[in-house]
Every structure is written in C-alpha cells, then in structure tokens.
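What Swiss-Prot annotates here:
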type	residues	note
MOD_RES	SER5	phosphoserine
MOD_RES	SER132	phosphoserine
REGION	295-323	region 'Disordered'
MOD_RES	SER304	phosphoserine
COMPBIAS	310-323	compositional bias 'Acidic residues'
MOD_RES	THR315	phosphothreonine
MOD_RES	SER322	phosphoserine
Amino acid sequence: MYHSSSQKRHWTFASEEQLARLRADANRKFKCKAVANGKVLPNDPVFLEPHEELTLCKYYEKRLLEFCSVFKPAMPRSVVGTACMYFKRFYLNNSVMEYHPRIIMLTCAFLACKVDEFNVSSPQFVGNLRESPLGQERALEQILEYELLLIQQLNFHLIVHNPYRPFEGFLIDIKTRYPMLENPEILRKTADDFLSRIALTDAYLLYTPSQIALTAILSSASRAGITMESYLSESLMLKENRTCLSQLLDIMKSMRNLVKKYEPPRSDEVAVLKQKLERCHSSDLALNAVTKKRKGYEDDDYVSKKPKQEEEEWTDDDLVDSL
C-alpha cells in the first residue's frame, strides 16, 4: 500500500521549492568534485546551471516517454510510469554532467521492465533502438553497466505506486456508487490525456497516486461540463469534513496549475545545452566519475526505427513516433 511505502516515506516531497533545492545541491556537489580534480575552475563556462540541467532532464524525460510509447511489444502504462519515476528520482540527487541522461533513461526503462515483470529479453529491448546490431550490443553493455548504479541511487526503493490502478478504481466506484453520472467511461480519454501531461511535471514527486488519479477524473469531468463535487462530498464521505475537502480541492487546483505552466524545452535551447553537456562528458575533461570501460552512444540517434517526417522541428537524432 502507498501509505506504508518507501515512495511515501522517501520520495514524496513537501514542495516544488524542496525539489529545486535538491537539484541545486546535486549541481553544486558535482561542480565541487570537478573543481577538486583540477581540470576546471569554479566558474568555468563548461558547467551547466541547475535550470539548464532541469531543461535537459525535461527533454530526455520526454524522449523516454516517447521511446516507451513506440516500444514493441507494447509496454504497459505501469512500466512507463515506473521508468519515468526512476528517472525523476535519479536526477534529484545526481547531475547530468556526471551521468549522461541518454543512457540513464534507457537504464530506467530496462530496470522498470524487470521490476514490473514485463517479460522482455535484453535483445528484444535493445532491438527497439534505431541502431546497428553492433550499436545495440554496445547499448546493452552500457545499460547493464549502469543498472546497479541506478538501483543504488534509488536507495533500492524499486516499487513505484502509479496513478493508473487508483484511476481504474475510481472509475469502478463511480459506476457503482454515483448514479448521477450514467456513463463514466466518457471521462476516460480526457483523463488519460491529463495523466500523460502530468507525467511530464513533478506531480509524481509531490502528490499521492490517488490524488493524481482523482484530479484526472474531475478535470475530465470539468472539461465535459460535468460537476462532480457531490461525488467528493457524498460518495467519498467528505461532506462532514470540510477541512479535508478544502485541502483536496486545493491539491487538485495545484496539480492543474502544474500542467498549465509546464513548458516543453525549446529545440534551440536544447541544442545549445546538449553541446555543453557533451563537452562535460568529453574525454579531455572527463568530469564524470564513472570511468567508461566500453564505448557508448556518441549521439542520440537511437530511439526508434523510422524518422517522423511530418515534424520538421525534430532533427534526425530526435526521438520519433514510428510505425
């Protein structure tokens, strides 16, 4: 259960400000480590600032979600959600300048398949990469090399509670105990869209899965012109607890605001930041702590098998929708 889980105890935070402090601290610690090795000065322009790291994390997180969306065989949503949560957690306490998000995102997806018992072999997994057989072999080597590191940085807290199960539970409850809404299934598509959008925000690190699921349903109802506050007050028995009801409504409002204010990284900004990132990981600087024993990816041209022709803003190394 979520309320007795490591997710609640260790990976659910009080505010966006707390998340920002953790990320800034990870950035500062890496800079101190890099300066200590004598290869760079404290104010060297090679360093990424915390807000630049966050932009890159957003970019690679979106690519992770898109990679999972075109994965063959189809990847269950719970696996996608788990991979996304691993990625968010990892970069709360680590810098992209030390561990490249390109390989971390794949390692997150690979580990999520194992933990959620999605039966995919290693060759099947890397077979989803737009790479030659040799490139796929190298990718698998790096994934396996980073897997233990990822597990350690997650503090061995591998069970993730996603909002998808409580979402289905709420729909069943509405069908059973809320006759005012004749066909709750009409809410599903818009609610699914909301869950997809909120996965790109920090909501998974701030709110409970059931709060996210309920917000998705009520947001969908609101967009359809359906008022469901009586479901909260009557069916969920919050009528007598106005304080709890008010707090829940505030939480849902905060989540909707997270979705509204989310801005995807601009392609021109990402291009500049990726150049800085590759500079941090170049062999002459060697800022990253993990010694690369094997050759890994030298670019991002690996994420699916067919380029998406209709989106001109994507370059040929971007994640694409295929099939």
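Residue numbering: from 1, along the chain as shown.
For all residues, glycine too, the Cβ spot is worked out from N, Cα and C.
For the modified residues SER5, SER132, the greatest number of Cβ atoms within 10 Å around a candidate Cβ is found at SER5. Cα to Cα, SER5 (phosphoserine) and SER132 (phosphoserine) are separated by 41 Å. DSSP gives SER132 (phosphoserine) a coil state; it is part of no helix or strand.
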